[in-house]
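A.B. asks: First, the structure itself, so that you have it in front of you.
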Amino acid sequence: MRTIYLSLLVFIIVLALNEVMAKKHSSTPKLRRSDFPEDFIFGAATSAYQVEGAAHEDGRGPSIWDTFSEKYPEKIKDGSNGSIASDSYHLYKEDVGLLHQIGFDAYRFSISWSRILPRENLKGGINQAGIDYYNNLINELLSKGIKPFATIFHWDTPQSLEDAYGGFLGAEIVNDFRDYADICFKNFGDRVKHWMTLNEPLTVVQQGYVAGVMAPGRCSKFTNPNCTAGNGATEPYIVGHNLILAHGEAVKVYREKYKASQKGQVGIALNAGWNLPYSESAEDRLAAARAMAFTFDYFMEPLVTGKYPIDMVNYVKGGRLPTFTAKQSKMLKGSYDFIGRNYYSSSYAKDVPCSSENVTLFSDPCASVTGEREGVPIGPKAASDWLLIYPKGIRDLLLYAKYKFKDPVMYITENGRDEASTGKIDLKDSERIDYYAQHLKMVQDAISIGANVKGFFAWSLLDNFEWATGYAVRFGLVYVDFNGGRKRYPKKSAKWFKKLLNEKKKN
């Protein structure tokens with residue numbers, strides 16, 4: 001009970017700070033590079049399946065996203081796939097040149113698991129062409145003075161492991177992921193000093209195993225009749241458990257074998273929106289706290305305490321929530337050097353009666369999460385229906401993590417908004433500039449209060465394959481002409497970042 005009250009107290013403190021800080025800002029903040037700490041890192045981010053292409057080249061094996069998008073095009077909004085994507089596999093030097101031209105300090109990219117290990121696991125052999133590609137990318141970045149931030153897993157589980165034992169549904173994946181991470185550390189760790197084990201494990205769990213709208217597309221039939229298999233009441237928790245253990249094992253390998261010589265840092269990139277109470281009632285405040293427990297805290301709490309959030313323990317009925325052994329708990333506690341925060345949008349949370357039928361991870365918190373209150377959206381909508389713009393949420397999440405989870409070192413590892421694809425080359429993205437200005441100001445506010453934020457990565461450097469939305473929306477600072485040889489055109493927002501970042505060099 002004490003833990004529940006502590007969580008609610010932290011939540012209320014952040015809400016109170018929100019009210020105080022809300023009075024400080026006008027609509028569009030003016031930013032300077034000097035508003036941020038001298039060592040603050042600015043970068044841009046991508047992921048392997050979304051930008052690389054070359055899906056069937058140089059020995060790469062298929063991932064679950066190749067299968068999901070190529071075999072079932074009806075599951076993608078525009079029927080497309082990432083087989084060519086932004087073609088960064090062939091155009092990586094041009095992309096590094098764009099990063100350098102804009103003035104970014106760092107580049108966050110992910111490594112394609114099946115490009116390194118195309119045949120199940122380590123026993124199937126390492127694909128040297130994959131090693132060579134990432135060595136070339138890393139070396140090109142360093143030659144331009146750009147720090148590589150590498151993500152080991154960004155949703156693209158090898159299809160061979162999905163076939164062998166169900167991917168992250170199988171306990172075997174923990175050791176296979178550990179071995180894959182070991183290969184990455186061994187081959188790239190002499191130059192890569194910032195690692196993220198996983199990107200958004202929450203999205204993997206929610207969209208891949210509850211909603212069924214992302215690979216591998218599993219869910220309960222009552223949630224999505226297009227799912228051919230799955231169980232939204234049990235599978236998400238099994239997958240989440242294995243993701244957490246895989247992270248822990250990878251960090252353990254790094255610390256035991258590589259940290260002393262390579263002197264790098266290992267973290268994880270976690271996503272969550274901020275959840276505001278739907279009303280001022282105590283019930284809705286508790287519902288908002290539960291919504292946080294089942295999203296950000298779900299993956300953060302085990303890394304701090306070695307346990308699941310108490311709200312999850314209390315609300316996931318019927319023995320569906322796995323438990324950590326004493327040995328696993330010890331391994332997980334403190335298994336991060338920094339926490340990546342991916343933020344796009346926020347929601348309201350309203351207390352609702354707990355369901356005893358058609359139960360899933362979504363219903364377990366007994367909280368209805370919605371982007372509207374009394375018919376009014378929490379903020380303006382971007383191109384995607386889920387992306388309602390609420391800049392204060394990024395500050396509130398940073399402060400929440402600071403006060404609840406021992407003041408961790410944090411990076412904003414993704415932040416951005418999209419516009420709809422029109423078929424025309426449109427480089428005037430003033431709405432994106434406003435989005436970044438608003439959110440960066442909120443990050444600066446959080447730092448001024450004491451949040452230990454060390455950097456910010458824009459999503460994304462390039463227009464790319466946006467998962468179930470395909471190419472119907474664009475998140476890039478750089479326009480990619482998918483009908484014209486993947487030619488790149490910097491948008492107005494890229495020039496805005498260049499002006500912001502070049503101030504440092506002038507001074």
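Note that the numbers count up from 1, one per residue, in the order the chain is shown.
Every residue, even glycine, has its Cβ placed from backbone N, Cα and C.
Below are the features listed in Swiss-Prot for this protein:
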ACT_SITE  Glu200  active site, proton donor
ACT_SITE  Glu414  active site, nucleophile
BINDING   Gln50, His154, Asn199, Glu200, Tyr344, Glu414, Trp459, Glu466, Trp467, Phe475  beta-D-glucoside binding site
DISULFID  Cys219-Cys227  disulfide bond
CARBOHYD  Asn81  N-linked glycosylation site
CARBOHYD  Asn226  N-linked glycosylation site
CARBOHYD  Asn358  N-linked glycosylation site
SIGNAL    1-22  signal peptide
A.B. asks: I'd like to know which of these disulfide-bonded residues, Cys219, Cys227, is least surrounded, judged by other CB atoms within 10 A.
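C.D. replies: Per-residue Cβ counts within 10 Å for the disulfide-bonded residues Cys219, Cys227 bottom out at Cys227.
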A.B. asks: Under a three-state reduction of DSSP output, how is Trp467 (beta-D-glucoside binding site) classified: helix, strand, or coil?
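C.D. replies: Once the DSSP labels are grouped into three classes, Trp467 (beta-D-glucoside binding site) ends up as helix.
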A.B. asks: For Asn199 (beta-D-glucoside binding site), list the number of other Cβ atoms lying within 10 Å of its Cβ atom.
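C.D. replies: There are 25 such Cβ atoms around Asn199 (beta-D-glucoside binding site).
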A.B. asks: On the three-state reduction of DSSP, what should I expect for Asn81 (N-linked glycosylation site)?
C.D. replies: coil
A.B. asks: Near Gln50 (beta-D-glucoside binding site), which of the recorded positions Asn81, Asn226, Cys227 can be found within 10 Å, Cα to Cα?
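C.D. replies: Near Gln50 (beta-D-glucoside binding site), where near means Cα within 10 Å, the recorded positions are Asn81.
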A.B. asks: Distance between Glu414 (active site, nucleophile) and Trp459 (beta-D-glucoside binding site) at the Cα atoms, whole Å?
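C.D. replies: Distance between the two Cα atoms comes out at 5 Å.
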A.B. asks: Find the shortest Cα-Cα separation between Trp459 (beta-D-glucoside binding site) and the recorded positions Glu200, Cys219, Asn226, Cys227, Asn358, and name the residue that gives it.
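C.D. replies: When the Cα distances are compared, Glu200 comes out closest.
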A.B. asks: Tell me which of the recorded positions Gln50, Asn81, Asn226, Asn358 sits in the most Cβ-dense spot, judged by other Cβ atoms within 10 Å.
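C.D. replies: In terms of Cβ crowding, the pick is Gln50.
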A.B. asks: Taking the centroid of the Cβ atoms of Gln50, His154, Asn199, Glu200, Tyr344, Glu414, Trp459, Glu466, Trp467, Phe475 (beta-D-glucoside site), which other same-chain residues have Cβ within 8 Å of it?
C.D. replies: Ala45, Ser47, Asn342, Ser460
A.B. asks: Any idea what the Cα distance is from Cys227 (disulfide bond) over to Tyr344 (beta-D-glucoside binding site), rounded to a whole Å?
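C.D. replies: With distance taken Cα to Cα, Tyr344 (beta-D-glucoside binding site) is 27 Å from Cys227 (disulfide bond).
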